[in-house]
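Participant: Pasting in a structure now, in structure tokens, and then I'll have a few things to ask.
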Amino acid sequence: MFLKWLKWRLYIRTKNKWGNLNFLNFNMKGFHILKVLLLYRFLYSIFFYVVSYFVISKLSYFLITPQKKLGNISLLNNISFNYFIWSIYFLMVLIYAIVIGKKISDYFMNTQDHIWLSSILGIPKKNQYIWVFGENLIWKSIPILFWFLPISLSINNFLESGVYGYLKVLVLSIISYLLISLFSFYIYNNISFKRQKNMNWLSIFIVPVFLRTLICYFMFQLGLKFSPWFIKFPLTRNGVNPEEFYKWIENGKTLSLTVFSNWVNSLFHFIYLPNNIFASFIIDSIEYKKLFFSIFIYLIIGYSVILLIKINIPSNRISNRIKLYFFNGLNRVALLGLNPKNYAIFKTVLTSKYVKRKLPNLYGNLFFWAMLGFFSSILSLTTNNMKIHYLALVFLMFFPIYFYVHNIIKGFVGKISFESDKNLLLLFLISGKNIWLVFRIKLLITNLIIFPFIFIGDIMIFYIGNISIKLLFLLIGVHASSMVLFVLICTIPNILSPHFNYLNVEEINEYPDKQFIEQGLYYFMTGFFIPFLMLPTALYLTDNISDSLYTTVQFTLCIIVNSMFSFILTLCIRYKVSKQQILEDILN
């Protein structure tokens, strides 16, 4: 019965995802969709195989051969390249398995499949978890086959490991992938239930904040090592000598090898890490005593984590105060920008089960805090009269904020996306009201949720980064205008290609046409628009703008450009969501 249900679910998902591409306007049905998908995946796999083989061959030269021009430094000291490359491969498999487990957990928390399985098929509750997990694992693992298989095959062919060696790789990859994804699903599921039920302060506040603080501190220390080299950036005056620039690049390579070689060797010499164990097993260099000991240790660790997750930590006075201060702070900010009716909607969104489960996403992803720590260290070692100080500052002005906003929009797609309230939109349209009101409230709520955390980041930059009060206020102004613009830009895929036929709110952003638009916007923002906003800094570094004029031009121009584009985008979005086509999209 499971196989029949699985076949039906995969068919429904494929048809739902690929059978209604609004923006690209494809008209394919049934097996035509599958044929095109398989052809695309096959060609993609061949391309990925060629690229992987080329990259591995270049890595083998760069990592094994001591670079004489870099001081005879080799990244791999006393480490077999075969062992190193397989260890990297299995590390990718394990990380992807953890991510997939979390995604399946997010899907499971918002699905109605278990109700259907219970009422229609009469599946016992204890088996519903297995069915839903298995179906989601297979569905989400289909893309991985078309890039992990080419990678593993290219590694195997380059290392000439043979058919038997490749079979070991495949079996070990599948077993580790299944076990780690299942473990990740179980852990995230239990944590999400606790967040939803009693706002567990340990998983909502303490652990996420500690982890982000740790990443920020680590990158701050790393930035201190690279700051002396970064400060010598040669493009800070007009007419720079190209040889001087290339010398600066070579010094950076030497520094990178010096810093990372010790870390890499320490990481890969520790045999008891899972990826290192798998790599040693593949190249037949592991002692079976160590293998069985490692399995025993990881079984104990896994069982201990499961027991720890099941422990209910009762709320105490401290945790209640943390929750109170957190929500009161957000409520005060909301009261400044919302009228009573909209404020009631804001409180409903903030206290919903969906937001409670995903509340740590508000703190930003690890990459955001890594960039904040790294560039803050550069700011701490420079002063306002150094040009490199402003180069680091403008990086913090745009890139981290865009990544943060992008992460928030994707993380809370089930509440703040345009399609998430399709029934509410339908009621608005039937009653003759403009659904722009709903979208405007969502924009306000999104900006009010994001701004306090950006403001906290600005205060941290001010405290660590040796910037003046004047620069702090200008930075807050630029960040506020950038935040509004970036929120509008990140919602464009939902406006241009809305999908109201989703089976689960977590699938809203998984439609190919929306992903195509999203990736196009992402490359446009990071490759053109944000560098365009940084143009005054480039002119300042090359002595084309004076010191007295630079601050006014860079910060004022950004605020004006951001505000102008925000106004234009708002008008375009309002026109788009007010069209009758939206009603047809909802009813289809």
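Positions of Cβ are set from backbone N, Cα and C atoms, glycine also.
Pasting the feature list from TrEMBL:
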TRANSMEM  38-63  transmembrane segment
TRANSMEM  83-101  transmembrane segment
TRANSMEM  129-149  transmembrane segment
TRANSMEM  169-188  transmembrane segment
TRANSMEM  200-220  transmembrane segment
TRANSMEM  291-313  transmembrane segment
TRANSMEM  362-382  transmembrane segment
TRANSMEM  388-405  transmembrane segment
TRANSMEM  443-465  transmembrane segment
TRANSMEM  471-492  transmembrane segment
TRANSMEM  521-541  transmembrane segment
TRANSMEM  553-573  transmembrane segment
Participant: Is the transmembrane segment (362-382) in contact with the transmembrane segment (443-465), using at least 3 Cβ pairs under 8 Å (sequence separation of 6 or more) as the test?
Facilitator: yes
Participant: Could you check whether the transmembrane segment (521-541) packs against the transmembrane segment (169-188) - three or more CB pairs closer than 8 Å, residues at least 6 apart in sequence?
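Facilitator: Stretch pair does not touch.
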Participant: May I ask whether the transmembrane segment (169-188) has at least three C-beta pairs under 8 Å with the transmembrane segment (83-101), counting pairs 6 or more apart in sequence?
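Facilitator: The transmembrane segment (169-188) and the transmembrane segment (83-101): touching, yes.
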Participant: I'm a bit unsure how to read this: which one of 129-149, 362-382, 471-492 has the highest number of Cβ pairs shorter than 8 Å with the transmembrane segment (169-188)?
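Facilitator: Comparing 129-149, 362-382, 471-492: 129-149 has the most Cβ pairs near the transmembrane segment (169-188).
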Participant: Do any residues of this chain, six or more beyond the ends of the transmembrane segment (553-573), have a C-beta under 8 angstroms from a C-beta of it, and if so which?
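Facilitator: Long-range Cβ neighbours of the transmembrane segment (553-573): 390, 394, 397, 439, 474-475, 477-478, 481-482, 484-485, 488-489, 491-492, 495, 533, 536-537, 540, 545.
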